[in-house]
Amino acid sequence: MDPSAPQPRAETSGKDIWHPGERCLAPSPDNGKLCEASIKSITVDENGKSFAVVLYADFQERKIPLKQLQEVKFVKDCPRNLIFDDEDLEKPYFPNRKFPSSSVAFKLSDNGDSIPYTINRYLRDYQREGTRFLYGHYIHGGGCILGDDMGLGKTVQVISFLAAVLHKKGTREDIENNMPEFLLRSMKKEPLSSTAKKMFLIVAPLSVLYNWKDELDTWGYFRVTVLHGNRKDNELIRVKQRKCEIALTTYETLRLCLDELNSLEWSAVIVDEAHRIKNPKARVTEVMKALKCNVRIGLTGTILQNNMKELWCVMDWAVPGLLGSGTYFKKQFSDPVEHGQRHTATKRELATGRKAMQRLAKKMSGWFLRRTKTLIKDQLPKKEDRMVYCSLTDFQKAVYQTVLETEDVTLILQSSEPCTCRSGQKRRNCCYKTNSHGETVKTLYLSYLTVLQKVANHVALLQAASTSKQQETLIKRICDQVFSRFPDFVQKSKDAAFETLSDPKYSGKMKVLQQLLNHCRKNRDKVLLFSFSTKLLDVLQQYCMASGLDYRRLDGSTKSEERLKIVKEFNSTQDVNICLVSTMAGGLGLNFVGANVVVLFDPTWNPANDLQAIDRAYRIGQCRDVKVLRLISLGTVEEIMYLRQIYKQQLHCVVVGSENAKRYFEAVQGSKEHQGELFGIHNLFKFRSQGSCLTKDILEREGQVEAGIMTATTWLKEGPPAHKLEMPRQPDCQECRGTEQAAEPLAKEACDLCSDFSDEEPVGATGIKTAKNKAPDSSKASSSPGQLTLLQCGFSKLLETKCKAVEDSDGNTASDDESSDEQPTCLSTEAKDAGCEKNQDSLGTSKHQKLDNILNPKEKHIFYKSEKILEQNISSKSDEKKIKNTDKHCILQNVTESEDSDVICPTQYTTERFPDNSIRFKPPLEGSEDSETEHTVKTRNNDNSRNTDDKRNGIISKKLSPENTTLKSILKRKGTSDISDESDDIEISSKSRVRKRASSLRFKRIKETKKELHNSPKTMNKTNQVYAANEDHNSQFIDDYSSSDESLSVSHFSFSKQSHRPRTIRDRTSFSSKLPSHNKKNSTFIPRKPMKCSNEKVVNQEQSYESMDKFLDGVQEVAYIHSNQNVIGSSKAENHMSRWAAHDVFELKQFSQLPANIAVCSSKTYKEKVDADTLPHTKKGQQPSEGSISLPLYISNPVNQKKKKVYHTNQTTFIIGETPKGIRRKQFEEMASYFNSSSVNEFAKHITNATSEERQKMLRDFYASQYPEVKEFFVDSVSQFNNSSFEKGEQRTRKKSDKRESLIKPRLSDSETLSFKDSTNKISQVCSLKTYKRKSVKFQNHISYREEVFFNDAETKKSPVSSTQEIDSGKNSQASEDTVTSRSLNSESETRERRLENTMKDQQDLTRTGISRKEPLLKLENKKIENPVLENTSVISLLGDTSILDDLFKSHGNSPTQLPKKVLSGPMEKAKQRPKDFWDILNEQNDESLSKLTDLAVIETLCEKAPLAAPFKRREEPATSLWKSNEKFLWKKFSPSDTDENATNTQSTT
């Protein structure tokens, strides 16, 4: 090679660039044929043409144009003159990998910066996008955060960005450019000065520091130096001389060398694991913020690990000031989001939280980029993630309880109470700062928390030597106190410490682990066993040694060079099938793809640690499906740790993922008012020794809400309920088999059957447990202003019990009162049944009609009368009684304006009650994760359909029995979970979900059906299981109860299996239905005994899961299992609730204080829907009356004054009714100041509670102080309005009622026509005043008035109806900020109570006739009693004062939409002169009292004590009524002076 020759830059057709020394094909000087030669030098002539001096094999030289040279195609045997060719020198180059994309550079900008083709060919699209994101912020001189999930290649994206900015090519050219400058000059190649000036600093944890260097060396030719260890001073000199391009250092070294590094000019600072910058007060945060570089790039997959303050800290480092100050961020984002995430949040809290979430996401969107693992789902195997709750051994329980009973723990628990010395300070800050040994409460708190964690894992851990003398002293004292009760254990520990530590009998988890390892060894599974505690790893290691298992161990003490050796041995050696790994030490940089079972022996407080541990095996390169088992000690502090993980992960989903995450908890981290079930020392130092599972209770509670929402959603999508849905009701009527194909499309439209949840049904072991679990929900739901109605408290059982005789006689439920349980959104089974029922007579003519068609009420009545209920195989009388008591009525939900507008209204019209054991449901197994899958309905003959059903559906078809009923009900519930994902990381195809779901519903006594199941994989997707509906909800937990509740044992929920473990099908079931399996990411309860469901493609995997299920089923210490895959994230039901909360609060400005779990329709939506539904049925020339469309929204301060008037004085003109909203708000604030209120909110509350006269006087005084002449016509305006509105309103009401009657009559039966007509009259009376679009008085403010209009009839007494200001803001400009107060919960309750006073008589009549809620509350004089059997049944006679039950019976005809009745404003005092009734017990909010309500005898006693004349007595003697008499008396008698009660309304109370 001639070093003086000019460098080649000419391009040829064969190759872009030629270099001296390269081999080529050149024309032979003899015959012109191409032959091999080598380039000696390259020259350029005078004309600019490039020539190469080539040297042939015979040493001849010849000058040939570069264009004639061609590249040599190497052959294996071809001799090489050079050691490396260009391909060998390319970086990166993975010869065994195919290029994912073409080998072209990826252009980032027009100035020439691009990702070199050597790197770009291995990148995926999302990685190029990430590189472009980093480059964009670098160009603009700002920072950013790359927040991709673990395993998506953040390191590669950064390297791509560096290669582009440093103009790397990944070829020989980079080698030449990296040569020293004197060599470059000798080659007559000038170094690029611009590139030389660029220098980047990468800060990373020590554990991954050298991994960064390896990656940089692999992916390109970078000049890298490592600033760490002994050589950091020498390397720092090189950095100062700018002899490197990239400097690598650690957080600690950066802190030590901050001044030196700040003296250099860095092009950008890149920080790996940026979530370390999470504490504003931490030293590492201060150091990072002190770096003098504006381009700060952070890399983290978990930017939010514990709270939102961490997010702010990281973002404030990368982009200072982006999210404001810490105080501003907490007020604007953190508090609203966290409070809106509460399970008991109000609509305003939820809507405000979601709005804050969206604002935060919008604010961060340009500076924060996050992608999830769904991008690489096709490269990852399946993951089965399960929580395994292990019962403690008796010895563990005793020790755990003993620790909690120590004096120190008592001191901790009482530390926050007021000191006994009455100083006003807390005990821990006054007389009880330390214990008798001088240890502070804080020290004791942390020490005893550690002790409880040790006992929950293995009692022998208390005997282990501690790391510090203080800890050792404390542990010794605790052991002396605790083990004084167990001398045998202490003696054995001294004599045989090794044996004690390795003996599983001292730990419930160890017993489970022992059988798990044996199971994995048989199946040749390789197990990664993680533990956070190294002391616990010692115990596990000793167990492995005692068991003769070949294992490896890796923890923080393992040297770095040995780590890779251990990983390699474990992955490659078959004999080593267990590796003990420390959760923290093994969290980063380890690749255990050889393992397919991951066991987390103990949880950590930070969910990111556990996820990192799982990702050691579940990552790209894993060939087998991964099973993750997390062991949790039941009822201990570990359960709180896991639930806090869920809390943090849900918060991460909201803030980082901008998802409407499910709201499981009532707790808010850092809030003393909302410690809920998670936070506070009382939750940590608690032991649930009865075997109950807090996790199960919380997930079930959320599942009930979700199920109710989604069930209502299905109803709301079904259209006008005017037609029949053909479905045979009789249990022995055979289903037609030729309709499978026709039924398939109905899968998308049928009702969602996975929400058959009933709070009144027994949970776990006893029915009393249910009451205890649900009572707190009731009280917390009413924590917002408003008292729960009996509708929300599950009151239907009492009414149903009294009507049992009628039900048994004619198959029709006479009582039409219904309940939706404590959870307002939880619907009973019949709600779904009603949407899916078919008329038996129509079976032969039409098999599967559209689900828009609902059985006509008249036809239902006739049908039920002619049908005999078949009570099938009830095991005992107590069972029958319990089943009847658990029956509920359905709540048919209203229809909204679109399919996505799904709401739940607590008071809607109902369908008839269904006979037991008659309906079968067939939920389809097909469904995508993003679309709601609903379910069709079928029936089948119990006697004749066994063969066909078995072959088609793969279920056990026997004659209906408690066992079989239970099986089918459980199958049905689990079968509906196909809408959910299989993994929080991965989307699973529909077929996989089908198989997995079926495989997870297995029972011990159904092996005989497995062969049949393997015959129909295709049919299963279409025709799935047929299930019992009523038994489904009756036996949601088990139909087969024994005489003692305590003996009921369920495999997953029987927490004391030693004494209760019957091996029967009925008792070996798991109740997945308690969780909302309909939703995308919901938790599911995993049954113990799997039932095979075959598909050839995944049969091996299913067998693997079945094998694991079978193993877990046989472990006695496993108390409860649930899948962790669908717990985290959002759901469709939560999306509905969030959307409607925002709609109600921000658009309609109403219902803001209702619980967020209740969705409410607007009158606008209702009107549009009713117009669409009613118009086709209207006769020619007849329009639907306005009164029949409007809703009776009862508000305590309605606005009736809607006239627009103008008053003229000498110099001033006053316009009434057209005040702009801005002026209204402004003058309302002035009014608050005028009346010396401390705030606008206080003034709004004062107005709400003030009497009519007080409000009138306040308005007059305020405006008269500015305009004295206002006082003259102020009152006249009101009185004028009152008179005209009363007269005209009554006339218009009657006209509209007549129209509505003629409109509805053709579709109703005789009795229904009459009752509906009355309801129409009543509705019209409420809403007819809406026609008078009188505007509010405008004195540069919005003045509104209110009146109560009484409609009296000579024969029938009507209720006082308060006309409301029109909610439809499009109709009335007065729907403004002022009206929000009138929509507040207290106001609504007040008016509703006024209405109730005068409706007692009609309510009695209604109750006697047993009319459903499709029928009205008010009756005309010509009432007809449809069912004489119930004529003498009076709810008033049963309960006493039943006026509070008004909304139970309130209905508005066949209208598809109905606003809910408002809950009461608060608990009311019981009158002294009457006995305690049902409502008094509910007001006590006492778990014990509420649990009594499940006892039929108690309810009967209450009914007997109830006074009969209470409602009439109230009218005569208000002072002795249910409510106290005072200035704020809710049912105050009407007087003309009340018309001045219309004060200016504000949105403050909302």
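Numbers here mean position along the shown chain, with the first residue as 1.
Cβ atoms are placed via backbone N, Cα and C, with glycine included.
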Looking at SER1044, SER1188, SER1376, which is the one Swiss-Prot tags with phosphoserine? SER1376
Per Swiss-Prot, the range holding motif 'Atypical PIP-box', considering 209-220, 221-232, 785-796: 785-796
If I look at Swiss-Prot, which residue among SER876, SER1059, SER1185, SER1373 would I find recorded as phosphoserine? SER1373
Which of these ranges is annotated motif 'DEAH box' in Swiss-Prot: 272-275, 300-303, 1012-1015? 272-275
Here the mean pLDDT of the domain 'Helicase C-terminal' (512-662) is 88
